[in-house]
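The structure appears below as structure tokens.
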Amino acid sequence: MGHFSCSQGRYPSVYHFHQGQFMRTTLRIGAAAVAATVATAGAIAPATAAESQGPKNIIYMIGDGMGYGHVAFNNLYETGQSKYLVDGAFSAEGPEELDGESVQRFEDFNRLSMTTYPNNSSYDPHKAWASHEYVDKGYTDSSAAGTAMSTGVKTDNGKLGINEYGHKLENTSERAKKAGKSAGVVSSVPFSHATPAAWAAHNISRNNYLAIADEMFNSDLDVIMGAGHPFYDDDNIKQDEAKYKYVSEEVYNKLSSGASDWNYVETKEQFEALAQGNVAAGQKYFGLAPVASTLQQKRSGESTVPYDIPRNDVVDLSTMTTGALNALGQNDKGFHVMIEGGAIDWSGHGNESARDIEEVQDFNKSVDAAIDWVEENSSWDETLLVVTADHETGYLSGANERAEGKFNSMNGGGNNTLPSDHQWYSTQHTNQVVPFFFKGAGSEAIRAKATNTDPVRGDYIDNTTLAKLTLNEWWIKRDDQGGKDQADESASEQPDNNDAGVGAGEGSSTSGLFAGIAGAGIASLTIAAIAFLAQQLGIITINPHAWRNFFH
């Protein structure tokens with residue numbers, strides 16, 4: 001709570017009071033008004049709710065690492081042709097993007113591109129096409145990308161849900177809950193991994209899995225689904241001893257024993273029951289697939305063609321998607337959900353072409369499941385569906401590009417055969433723009449934000465754009481009196497006044513400081529106004545020189 005003090009000579013001196021009960025009563029009323037103003041100086045009413053505009057529901061689907069090359073590579077595998085293939089010399093204007101036909105349903109959505117770079121980096125669309133080397137530098141990791149996509153604020157690689165100074169950032173899941181909506185995260189990799197955690201947790205390091213899992217378990221989320229089971233390996237084989245890497249023993253025991261407010265789901269049949277509609281309003285669902293790190297990608301064996309190694313008998317991402325949407329859709333006020341095909345990235349890091357196809361196809365099926373859910377249970381008038389990536393992984397493109405000094409189209413494929421003319425140029429992420437497909441409520445607002453153009457990939461937005469729209473224009477935070485909370489004018493750029501920092505030591509909130517200054521100024525003006533009114537009514541007489549001193 002702010003406090004207020006007066007020093008001699010700072011405020012107008014009252015040297016004559018008229019007598020009479022009316023005057024005394026009036027002065028007491030004025031003093032009470034001043035006291036009320038002073039008591040609230042420097043404090044802003046805490047935001048306890050959010051007004052919902054724009055989309056009722058937001059489904060944010062992220063193929064982790066799924067750049068344009070990954071989409072085209074899979075399309076070639078399935079049909080022998082694709083959009084997004086490029087061919088031509090390295091140059092500032094870039095190569096030609098070749099014509100092609102849509103293969104996936106989401107390719108007929110609206111399409112923009114999206115930049116993915118982290119704090120203290122950038123994207124130059126002309127340098128990006130002048131060589132391979134430019135996009136090999138300045139790339140994001142999944143925690144910085146997820147933070148940007150969930151909060152609208154760029155941060156440093158490795159940080160999760162906090163800004164570069166270590167202060168907590170509000171994410172769109174948290175804003176959804178303040179609007180009375182439901183919120184959830186779904187992933188094909190551990191639920192406490194960087195991307196799903198970005199919509200639920202705040203930590204100095206993405207690698208603090210146990211602390212992140214604890215925060216997610218204790219959060220207001222309504223649905224959490226993913227891998228990371230302590231008692232199973234990557235082949236869905238139960239182990240004698242648990243490995244508590246992605247969830248703590250305490251949290252796992254509470255979940256599995258029913259000693260929490262979560263409905264715990266583990267078996268394939270239990271996940272399928274949710275997908276069949278066996279959900280209830282007001283219930284929370286925590287699904288932990290019985291695999292250590294991925295649903296399928298890390299299973300044993302080295303694949304030379306897709307599906308040559310038998311798959312784990314566990315839930316797939318599309319079933320998780322339908323179950324999560326069924327659960328979240330019970331809320332009449334709407335929901336926000338992030339659904340991640342997380343192991344596309346793992347395949348990219350390993351340059352595993354066959355497993356990349358498997359993971360992209362699993363993700364595409366989950367997108368189809370989301371499209372079906374919207375058309376059967378909601379509508380495009382109230383739901384926004386986004387299909388994108390947090391970054392590209394592996395620099396998947398045509399063969400021999402660096403040797404020839406030009407971009408080459410991937411070729412071959414069709415009838416479920418791997419394209420022969422493809423090559424991986426990195427085992428890391430890249431700073432390429434990624435595709436951003438979108439359909440439904442809010443689409444016009446998204447397109448209006450595309451103010452930059454890539455010479456090859458077309459108009460693009462930033463990875464902060466959708467979160468900023470959600471936080472600043474659609475699901476607007478309101479104070480206790482129903483007015484817009486000025487402390488949250490921009491997308492969570494200021495930390496919570498009650499949080500000194502997360503995992504970064506003690507600190508103070510600059511937003512609190514400025515709020516205090518603003519409050520003190522309001523208090524001063526209020527005192528001056530009351531005193532001026534009292535003088536005009538003849539209640540008091542004020543030395544005119546004091547007014548000049550007051551405003552100096």
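Backbone N, Cα and C atoms are what each Cβ position is placed from, and that goes for glycine too.
Model, not experiment: these values are computed from the prediction.
DSSP gives S142 (active site, phosphoserine intermediate) a helix state. Neighbour density for S142 (active site, phosphoserine intermediate): within 10 A of its CB lie 29 other CB atoms from the protein chains shown. The active site, phosphoserine intermediate annotation in TrEMBL covers S142.
Under DSSP, E340 (Mg(2+) binding site) is assigned to a strand (E or B) in the three-state scheme. Under the heading Mg(2+) binding site, TrEMBL lists D64, H193, T195, E340.
Positions annotated as Zn(2+) 2 binding site by TrEMBL: D64, D345, D390, H391. Sequence-distant contacts (6 or more apart, same chain, Cβ under 8 Å) of D345 (Zn(2+) 2 binding site) comprise D64, G65, S142, T393.
Under the three-state DSSP scheme, H349 (Zn(2+) 1 binding site) falls in the helix class. Neighbour density for H349 (Zn(2+) 1 binding site): within 10 A of its CB lie 16 other CB atoms from the protein chains shown. Among the features that TrEMBL reports, Zn(2+) 1 binding site is placed at H349.
According to TrEMBL, the feature region 'Disordered' maps to 480-505.
Annotation source TrEMBL lists transmembrane segment at 513-534.
Checked against T195 (Mg(2+) binding site) by C-alpha proximity, the binding-site residues H349, D390, H391 yield D390 as the nearest. Checking each of the binding-site residues H349, D390, H391 against E340 (Mg(2+) binding site) by C-alpha distance, the shortest gap belongs to D390. The closest partner of H349 (Zn(2+) 1 binding site) among the binding-site residues, by CA position, is H391; the full candidate set was H193, D390, H391. Residues within less than 8 Å, Cβ to Cβ, of H391 (Zn(2+) 2 binding site) and separated from it by at least 6 positions along the same chain comprise D64, G65, G67, T116, Y139, T140, D141, S142, A145, H429, T430, N431, Q432, V434. Excluding the listed site residues D64, D345, D390, H391, the same chain places I62, G63, G65, M66, S142, A145, T195, G342, I344, A389, E392, T393, H429 with Cβ atoms within 8 Å of the centre of the Zn(2+) 2 site Cβ atoms. In the three-state DSSP reading, H193 (Mg(2+) binding site) counts as coil. Cα separation, H193 (Mg(2+) binding site) to D390 (Zn(2+) 2 binding site), rounded: 13 Å.
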